[in-house]
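> Grabbed the feature section from Swiss-Prot, which reads as follows:
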- 64-141: disulfide bond (DISULFID)
- 119-133: disulfide bond (DISULFID)
- 62-143: domain 'C-type lectin' (DOMAIN)
- 103: N-linked glycosylation site (CARBOHYD)
């Protein structure tokens, strides 16, 4: 190019881009190390985290979305165990979402009972129960990272 006949500007820009690529790669590696360490103990790629507050089902969805997560929806036994570990630590129950095509369920004996409510909660053992959507339960959000 006429304003940069020797390509110095282009070379400088290429060096800057390469530096950002290295920094991004390092950041991604660090993030994945933390994620793997957090999920190591539970054997689940999904993280279940509480802010130690309580709330109803409607409020939970918004809280989880704002935090970058979602309402828990364990799809495998190890995910349900990781979720139950949080509940056991805090000795509280929490809401979860059961998908229509769920291959995994963990209903307590005699459940689900629509008469008990249209939402689902997990107890400290990870067993699922029908419940009212207005109950104030422990706020737990699910975070699932795909890189």
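Cβ from N, Cα, C; glycine included.
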> Please work out the helix, strand and coil residue numbers for the domain 'C-type lectin' (62-143) from the DSSP assignment.
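Counts, helix then strand then coil: 22 helix, 20 strand, 40 coil.
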> Taking every residue in the domain 'C-type lectin' (62-143), what is their average pLDDT?
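That stretch averages a pLDDT of 93.
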> Near the Cβ of residue 119 (disulfide bond), how many other Cβ atoms are there if near means within 10 Å?
22
> Near residue 64 (disulfide bond), how many other Cβ atoms are within 10 Å of its Cβ?
21
> Compute the C-alpha separation of residue 119 (disulfide bond) from residue 141 (disulfide bond), stating it in Å without decimals.
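So the Cα of residue 141 (disulfide bond) lies 16 Å away from that of residue 119 (disulfide bond).
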> Tell me the Cβ contacts of residue 103 (N-linked glycosylation site) under 8 Å, same chain only and six or more apart in sequence, or just say none.
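Non-local contacts for residue 103 (N-linked glycosylation site): 75.
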> Here are the disulfide-bonded residues: 133, 141. Which has the lowest count of other Cβ atoms within 10 Å?
133
> How long is the line from the C-alpha of residue 141 (disulfide bond) to the C-alpha of residue 133 (disulfide bond), rounded to the nearest angstrom?
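Each residue's Cα considered, residue 141 (disulfide bond) and residue 133 (disulfide bond) end up 16 Å apart.
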> In Å, rounded, how far does the Cα of residue 133 (disulfide bond) sit from the Cα of residue 64 (disulfide bond)?
16
